[in-house]
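What TrEMBL records for this protein:
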TRANSMEM  B:28-45  transmembrane segment
TRANSMEM  B:57-78  transmembrane segment
TRANSMEM  B:84-102  transmembrane segment
TRANSMEM  B:109-129  transmembrane segment
TRANSMEM  B:135-155  transmembrane segment
TRANSMEM  B:212-234  transmembrane segment
TRANSMEM  B:265-287  transmembrane segment
TRANSMEM  B:299-332  transmembrane segment
TRANSMEM  B:344-364  transmembrane segment
Amino acid sequence: MKFFKTLALAATALTVPFASHAQAIDDDLSYIMVSHAPDSDAWWNTIKNALNLAGEQMGVNVEYRNPPTGDLADMARIIEQAAASGPDGIITTVADYDVLAGPIRSAVDQGIDVIIMNSGTPEQVRELGALMFVGQPEYDAGLAAGQRAKGDGVESFVCVNHKISNPVIADRCRGFADGLGIELGSSMIDSGEDPAEIKNRVMAYLNTNPDTDAILTLGPTSANPTIQAVEEMGLAGDIYFGTFDLGAEIVQAIKDGTIQWGIDQQPFLQAYLPVVVLANYDRYGVLPGNNVNSGPGFVTADNIDKVEELAGEFR
Amino acid sequence: MADTPQAVIDERVKDVSPWRKALIRPELGGIIGTVAVFTFFALLAHDSGMFNAQGILNWSTVSAQFMIIAVGACLLMIAGEFDLSVGSMIGFAGMMIAIFGVTLGWPMWIAILVTFAICMAFGALNGVIVVRTGLPSFIVTLATLFILRGFTIFIPQTLERKTIIGGIREAAEGDWLAALFGGTIGRPFFQWLGDAGVIGVFDRGNRAGEPVVNGVPMLIIWAFVLIVFGHILLTRTRFGNWIFAAGGDAQAARYAGVPVDRVKILMFVFTAFCATVFATCQVMEFGSAGADRGLLKEFEAIIAVVIGGALLTGGYGSVIGAALGALIFGVVQQGLFFANVESSLFRVFLGVILLLAVILNTYIRRIITGER
């Protein structure tokens, strides 16, 4: 008898690496996260870690799934698949409402609780019948940053937009302008995604508009070349410089004093909170009354050490 | 004449036993692989929802997608050529439908027909360049891959300043041709199954009471139609023999009077047609076209065809085999999710299973055909 028990245990141990990371204390609850990120996107590693941590702490099974190439049509199939496997809840993003609305609504109608994280709007969440949204509303994040900059005495700015095609990203600039209480006008420049071009456009803009108080970059893609640009122009530390999202160069620039603050949308919370909310909803029927803003969290020279220590893992 | 026996034994034809005859089929590896894959998942994921109505619909839809592009890739590969532009063609075709139907506001059926014409013209262009220059189709279609993907990003950027165009479902509402790609059939049957409790029904929302599977998507119908068409074309017509001949030894085929160039160009056009069918079904189902649709689909098509027993060098293969290859690919891909495989190991499993399938195939073929 003991032998069989050992055998069964060994078999379980063998299957562990193939099963999901989070070990269940009470494994009647299982949740699936479906992201829109391709395998190559390192930013989502934080999401995976936070998801596993939440699974361990809450004693539920969580799984992470994504379309390997980032193809959203494939993502729709994965959501359909997740719904077919009958989990207690699905955590997903609304990367493209047209493509994903159908599969998400089917899952909701089937009786599966859905929480939207990262991408989406409160209106879409309501329309889809999802429980809540956990993410950083981009306009509000820009607004908060603008108000902070206004408090620091900024009156004009340039917004370096490396993804002009994405209206959500541009909302960050709009919010920032509104927070400062000025017109956006021509302060948003389309920089393209090539580092050399970004650097040269920023230098050109600052040369033709020498009275610019502040620079806002919308992510590492535009921030890194801009750091070089201000360093070469001798403006590092002199011009007010804020950025969205974090990365190794941005962290270093914050330590050097080139960048005043980086806005962290705190992906950790975007993965961690939905699991906690779903588990408590299923167990005790409690649900927060509103959407949760995971950001903006401001990273400055004062709190940079903790961020640096956990960068890529939980931050 | 009268003294000649009816059953003359032609000394040029080697006597082959029926058993051996049954084994010398390109699709044998595919059949064995299909059985193995289904057995594997039946054991590992039988209680995960993979084999309920919704689960079956899920993996058969994914398999049908692979089948549509695999049929085209298979015939082209048998004719001795490759098309690496399939994935880009899918993104391009979807985007063209969105531009014509939504941005320019044309009636959807015109948008679809014009898109088919443009894409098939690109297919023909691929073929003509390959045939006229004698360059490897690998290189020519690699160039097309970049050109089409570039247009797919550039055109919507210029016209709409964004790379995803939505609103196709609304624009296609009530259109007769769009319904051939985006709809489902057999709804009353599934409603009956749902009412009878055979398959699950939605238990909340405004679709409460409707079955979770409300019909067979047209995508699956297209896959079947293309497979049957391709199979008959390849095995029952003179043109089918020409395809084999063109891929086996093009020069010998030319001496025997086979219009090799025409066959190859037509196969490029057919591959483009299959890619456009895929794209049209996709945009009609999801209602939007994105510049990143169809990435890496060309390799998925080629993989399905090779699992299905076709030779990369041309002249050997079968449409049924390619379809089974696509089925294996689709079932493995979705099945691994059902089996709760840790998602970062997904590609490892996929790679191992593909490798096993191809090795098994080659091994069987070598034993049977006696080639070295």
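Cβ atoms here come from the backbone N, Cα and C positions, even for glycine.
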**Request:** Grab the same-chain neighbours of the transmembrane segment (B:135-155) for me: Cβ-Cβ under 8 Å, and only residues 6 or more beyond its ends, written as numbers and ranges.
**Result:** 81-85, 87-89, 91-92, 95, 99, 122, 125-126, 129, 163, 291, 298
**Complete:** Among B:57-78, B:84-102, B:109-129, B:265-287, B:299-332, the most Cβ pairs under 8 Å with the transmembrane segment (B:28-45) come from B:299-332
**Contacting positions for the transmembrane segment (B:299-332) when only residues 6+ beyond its ends and CB under 8 Å are counted** = 25-31, 33-34, 37-38, 41, 59-60, 62-67, 69-75, 77-82, 86-87, 223, 227, 230-231, 234-235, 244-249, 349-350, 353-354, 357-358, 361, 365
**Message:** Can the transmembrane segment (B:57-78) be said to touch the transmembrane segment (B:212-234) if we require at least 3 CB pairs below 8 Å and skip pairs under 6 apart in sequence?
**Reply:** yes
**Complete:** Other same-chain positions with a Cβ less than 8 Å from the transmembrane segment (B:212-234) and lying at least 6 residues past its termini are 53-54, 57, 60-61, 63-65, 67-68, 71-72, 74-75, 78, 179-187, 190-191, 194, 199-202, 240, 243-244, 274, 277, 281, 285, 318-320, 323
